[in-house]
Amino acid sequence: MDDSEVESTASILASVKEQEAQFEKLTRALEEERRHVSAQLERVRVSPQDANPLMANGTLTRRHQNGRFVGDADLERQKFSDLKLNGPQDHSHLLYSTIPRMQEPGQIVETYTEEDPEGAMSVVSVETSDDGTTRRTETTVKKVVKTVTTRTVQPVAMGPDGLPVDASSVSNNYIQTLGRDFRKNGNGGPGPYVGQAGTATLPRNFHYPPDGYSRHYEDGYPGGSDNYGSLSRVTRIEERYRPSMEGYRAPSRQDVYGPQPQVRVGGSSVDLHRFHPEPYGLEDDQRSMGYDDLDYGMMSDYGTARRTGTPSDPRRRLRSYEDMIGEEVPSDQYYWAPLAQHERGSLASLDSLRKGGPPPPNWRQPELPEVIAMLGFRLDAVKSNAAAYLQHLCYRNDKVKTDVRKLKGIPVLVGLLDHPKKEVHLGACGALKNISFGRDQDNKIAIKNCDGVPALVRLLRKARDMDLTEVITGTLWNLSSHDSIKMEIVDHALHALTDEVIIPHSGWEREPNEDCKPRHIEWESVLTNTAGCLRNVSSERSEARRKLRECDGLVDALIFIVQAEIGQKDSDSKLVENCVCLLRNLSYQVHREIPQAERYQEAAPNVANNTGPHAASCFGAKKGKDEWFSRGKKPIEDPANDTVDFPKRTSPARGYELLFQPEVVRIYISLLKESKTPAILEASAGAIQNLCAGRWTYGRYIRSALRQEKALSAIADLLTNEHERVVKAASGALRNLAVDARNKELIGKHAIPNLVKNLPGGQQNSSWNFSEDTVISILNTINEVIAENLEAAKKLRETQGIEKLVLINKSGNRSEKEVRAAALVLQTIWGYKELRKPLEKEGWKKSDFQVNLNNASRSQSSHSYDDSTLPLIDRNQKSDKKPDREEIQMSNMGSNTKSLDNNYSTPNERGDHNRTLDRSGDLGDMEPLKGTTPLMQDEGQESLEEELDVLVLDDEGGQVSYPSMQKI
């Protein structure tokens, strides 16, 4: 036998001896009590003359002395159990009962003295006085039966710390002391109040009131009490038991109504605490709720505090932590506390409640201030439960989210993100995710002001499991929809999101020799959240886009993910949508914002030098015969030349260079042909518009490449799409593609009919619902296509385009910008002399092609504008006045037009709607969508903001019906 075993044996023997001494103490105390009770009984007489006032109720026959019953605390507790717990049912037969007394170590003697209600006899005496008056006296004599019960008690092995070694070895140590009528039913069998073996002699959670206060509880718990539970959503709180929140303080260990001792007054306080630990209950903010052991587990056989009465009322009982819950014990019974053990558990799980049906009817869910207060408790189980429950409360409840912010709950949740335990920081992050969702921007600002973004990033770098990473990225996605938080996410979270999520889970490898295999399927939801977050922040400003483009590996991994999804025939997933929208935003202004962008710039064609042999005269620029005949009266860009080769590279393209390479163009074409998702179609067309914008080398290559890949017809087909934003994106892409002369010819033949159908007026009423921006985009595309393209102008006349243009000009119910855009198209058509006679034969007049701005709507413009009519332009004079496409400066057609940098762009949806008509310089880009309509908006998922009505987080599509969680 080694030293440890010897030491263990010695400690066990010592604890046994110590326990025997305690039993001897208890025996002496009980014997003293027995003598005291016997002396009291000698003074009690069952007669009408000295019956106690309480005898009128048939309860007890003890006397009052100075407002109290004679006897010590144990006797009073026993009396209170008879009075209060057993209710007002027939107790007339029960006179008294003594607490158990120990005759010798190992034995307990219980004495019961009862009345026999059937054995009561009445004696009637009649007396006649001298004056003839008769006096009748009736005396009742009751039969008293005394029963003595002896029980055997076995000693309990004690550990070196004075606590029982094993709970299994102490069964049947103590037996309850309820009356026999409560231990048996009407048939003589065990009654409903018999507790399990191993329970204490007296309930530790007795809280007896002062004399004169009496409430009868019918069966155990008060029927209308406002007991404390965690997640009961079916209980209606009675107003008389609802606690007043004013001045409310959670109960503390120092309160006078704490758990009562299980040994008699004769024992010491040390003995008391050796037999049971402190119970769990709600405490004040300065105290913990129990053990702070980091290894605290969640046992299923512990309950929580229950409340009856108001918080300020001391006459209540706290349910002990050993009480069983759920289907194991009915809620309408009273239970004795078992023998306390050295516990390793905390608060109980609600599994049994959820599985066994609805919670007990007397439970209530905690108030919001209570839940927020629990976030600050030192017990980790309470923190995690409170955070999880708070997440549940915030689900689709904007009022609760606002209240959490006003109650200062957000700083506490952000602080819990750094908690070492997963259950705590996961619950806190889930609550922040739901709070950050919705239209109340103040909640997002509050999270930002508490340094929520850096805290989320720290947690993301430590996270290794998918569920936690998903919640973190979802929270960042929700926050990214607010403009003031976007740059903070870029500055703090960009590299963490790229290095910890995008690259490792996409399957892309940094080394060229590594075999890249798609492995993002398992982490698709996490990648979707991350791409959505970056998608939102990419719309902030050029600085954000520059940092995203230059983030090592980000663009490569995004393109790899989209290629893998297309290869797996999954081109409509949310992941593809977010990645393509992010690539579309990164391609915005790419020809100006990439490093050394000037090396790709090209001069505008047909811009003659004002000095030298080709200086312009008053009749136009001089052209040599060689140039004239070498061109063959054709544009510089030969329409017959349909082949184009991208510049040769010495090394593979990486990073931002991939944004304008042939492989990414083929990705967009594949999505245009295969995808059915409107957002993906819009993003693909918008990316093509951005890449084809501007006078730069790769823009020219991409225009030709799209024609070679037969993508023009796919884009033209989008004009018939039922979603307006898809139509608008397709119109913008065709406009920039039409800069190529060959593309312009093809678009004029195949796209003009669809463009005309989308104009307001005529038989098509659906287009009246198109926004001003969409109508202007279509008009500008038509004007770009028919310029220098007589066949396209004829096609416009054949498809009743003139009627719709004149209607926009003359109707008076269109905006000023729409009228100006339509006027430009009408003037371009009138500039072709070949079309004037056919138009006049059809009944059109010259005045129909003039624009009277008095008919334009002034509702959208607070400033004054010119009421003059724009001059008509003769196409034959065009080359004599200004080169190529610059007949009319569009800046002269509206006072709100912008500078050259934003030409041919779609409107910024944050309110800047004045860029569309500015054509004075080179071609512009597709503005990233942002502002009031973030890059991804749909109900329940603002930029795929996500709320989860689950406490163990799951994806939104598979909500868990109340998963396992701990009781608060």
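Note that Cβ sites are derived from N, Cα and C of the backbone, with glycine treated the same way.
What Swiss-Prot lists as compositional bias 'Polar residues' is 889-908. Among the features that Swiss-Prot reports, SUMO2 cross-link is placed at Lys421, Lys517, Lys882, with the record citing a large-scale study or a structure entry. The N-acetylmethionine annotation in Swiss-Prot covers Met1 and rests on a large-scale study or a structure entry. The feature phosphotyrosine is assigned by Swiss-Prot to Tyr228, Tyr865 (among others). Summarising the annotation, Swiss-Prot assigns phosphoserine to Ser230, Ser300, Ser346, Ser617, Ser811, Ser864, Ser868, Ser943 (among others). Residues or ranges marked as phosphothreonine by Swiss-Prot: Thr916 (among others). Look at Swiss-Prot and you will find 855-944 tagged as region 'Disordered'. For 583-624, the entry in Swiss-Prot reads repeat 'ARM 6'. The feature repeat 'ARM 7' is assigned by Swiss-Prot to 653-693. Taken from Swiss-Prot, the feature repeat 'ARM 10' covers 781-826. Annotation comment: Swiss-Prot describes Lys401, Asn478 as site 'Essential for interaction with cadherins', evidence class experimental evidence.
The two recorded residues, Ser811 (phosphoserine) and Asn478 (site 'Essential for interaction with cadherins'), have Cα atoms 44 Å apart. When DSSP labels each residue, the repeat 'ARM 10' (781-826) comes out as 36 helix, 1 strand, 9 coil, counted as helix, strand and coil in that order. Across the fold, the C-alpha of Lys401 (site 'Essential for interaction with cadherins') and the C-alpha of Asn478 (site 'Essential for interaction with cadherins') stand 14 Å from each other.
Per-residue pLDDT, averaged across the repeat 'ARM 10' (781-826), gives 91. Other Cβ atoms within 10 Å of the Cβ of Lys421 (SUMO2 cross-link), summed over all protein chains shown, number 15. Shown are the recorded positions Asn478, Ser811; of these, the residue with the fewest other Cβ atoms within 10 Å is Ser811. Here the repeat 'ARM 7' (653-693) has, by DSSP, the following mix of helix, strand and coil residues: 33 helix, 0 strand, 8 coil. Reported as a whole number, the C-alpha separation between Lys421 (SUMO2 cross-link) and Asn478 (site 'Essential for interaction with cadherins') equals 24 Å.
Annotation note: Asn478 (site 'Essential for interaction with cadherins') sits in a helical segment as assigned by DSSP. Lys421 (SUMO2 cross-link) falls outside any helix or strand according to DSSP and counts as coil. Note on Lys401 (site 'Essential for interaction with cadherins'): other Cβ atoms within 10 Å of its Cβ, all shown chains, come to 26.
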